[in-house]
Structures are given as structure tokens and as C-alpha cells.
Amino acid sequence: MTLMDVTFGAMLDGVLMSFALYGITCIQVLRYYQSYPEDSLTLKVVVAAVWMLDTLQECLLVHAIWFYLITQGNGNPFALLYAVWSLIAQVIPSDICIIIVELFYIRRIWILHNRDRRISILPILAVAALVIGFVYVAKCFRFPAFSASVKQQWIVIVSASCRAVVDLTIAVMTCRLLYQSRKRVITEKVNSLIGTLIGYTMATGLLTSIVAVLYVGVYVAMPFNMIYIAIYFVHAKIYVNSMLSALNSRATFRELIEQDIELQLPASMTLGQESEG
């Protein structure tokens, strides 16, 4: 593996993967607006904001990869030793996307837990991760050399740790709510459906946490290549697509549950409804 493979080659791979996930995001956003026109204006604005921030990050990534691989630092080889402004700035829309998704899940848990005040620690940690991320951006603008990133490792570790704790807590609390709801269901099909939801929720929470831990691990172990940057490029995309998947799957799950409940109705009730018609 050459130096270019683990530096700008890795960056290119990260950009390509992020664009693949961005394409999925666009499809999910289109599906959302077509399928749920009755949703609240607030939720529609949240989806639009996440999509616009995701789009902004992709535009910044295009500029960065163009700078390094096409213009090659505008003909200045020493410029390749520094982070171009767009590479640093793309952290801002990415981190804002992540906290929007986290707050979306936190609010849902807070409502389902009867507005338990103990859940307030989660938005505090989410905001802390965002603020620390902005501190990292400020320091990178001040010291843009890639070699200087080693001195900022503690910032990345603290921010990613806060984020991983939030994601795992959200996943565990959501799974707990779903598990408790299994005791109140009346059919085996709905019970199985809830089990599927538990598995999906846990997998999503673990995936975002694993990506955060992997990003930190690669950053600490190999700070002088760009593999960790490639991992970061796809980080926010996982959050965005998880939220959109949760929103777009509501109609499917609702339809399955309603069909199952209808099949379980006593025959006398069904006949009674038909006679009324």
C-alpha cells in the first residue's frame, strides 16, 4: 500500500462511499414527502434541514477532493500538507446533522418515558459533543497542517465518547420500551414484529457507536494518513438514513399491525360490522 493509497486515495474512497449513502438519503427524503404529507410542519422542516445540511457537506467534500486530486493544491505541492478550508468546514454540517438526529430520538424516548427528567442528561451530552466538535474545527482552522492533528486527539476522543454514550443509551432505552410493549400485545405476529424492531434499533445504535469508536481508534493509531477522515465522511450519513428509515417505515408497520388485529377479531364482530353496512 503506497502513501497515496492511505492519504488521498483513502479520502477519495470516503467521498465515494458518502455519495453512495447520500443517494440513498435523497431517495428516502423523496419517499418521505410523498408518503407522509399529513406530518407536522416541524417534522417536515427537520427532514428538509437534515437533507440540506447533508447536501452542503457533499458540496464541501467535492471541493476538497477537487483541490487535492485535480488541481493538486493549485500547483503548490506544499499545499497538500495542509487541510483545505472545505475539508475542515465539512465537519460543521456533519456534526449538526448528527445532533439533529440524536435529539429526534431523544425527544421520542422522553415522551414515551412520560417526560422523565433523568433523560435530560442525553441532550446535554449531545450538545457537549457538538460544542467540542466546533472547538476542533476552530483549532484546525488555526493550525491546518495535517501533522498538527496529533495534538488535537483528545478533542476527538472526548467528542466521540459523548456521542457513543448517547447512541448506546438511546438504543438500549428504545429496546427496553419495545420489550415492555411485547407483554401487552395480543398476537404472535405483532410480537414478532416488535422483536424485529428491537433488533433493528439495537443494530442501528451499535453501528453508529462502532463507527465513532472506529474513527477514534484509527485516528489515534494512524494520525498521519487519511483513513480516519474517510470514516468520518460516512458517519453522519448513517445517522441521517437511520432517522429517515424510522420515519418511512411507520406506514408499513402500522399496516401490518392493523391487518393482524383485523384477522384476530371474533367472527361475531366481523358479521356485525357487515350487517351494519
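Each Cβ is built from the backbone N, Cα and C atoms, and glycine gets one as well.
Per TrEMBL, the features are:
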type     : residues : note
DOMAIN   : 164-251  : domain 'DUF6534'
TRANSMEM : 6-33     : transmembrane segment
TRANSMEM : 45-70    : transmembrane segment
TRANSMEM : 82-106   : transmembrane segment
TRANSMEM : 118-138  : transmembrane segment
TRANSMEM : 154-179  : transmembrane segment
TRANSMEM : 191-216  : transmembrane segment
TRANSMEM : 222-240  : transmembrane segment
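Here the transmembrane segment (154-179) sits against the transmembrane segment (82-106); at least 3 CB pairs are under 8 Å, leaving out pairs fewer than 6 apart in sequence. Under 8 Å from some Cβ of the transmembrane segment (82-106) lie the Cβ atoms of residues 46, 49-50, 53-54, 56-57, 60-61, 63-64, 67-68, 119, 122-123, 126-127, 129-130, 133-134, 136-137, 140-141, 144-146, 163, 166-167, 170, 174, 229, 232-233, 235-236, 239-240, 242-243, all in the same chain and six or more residues away from its ends.
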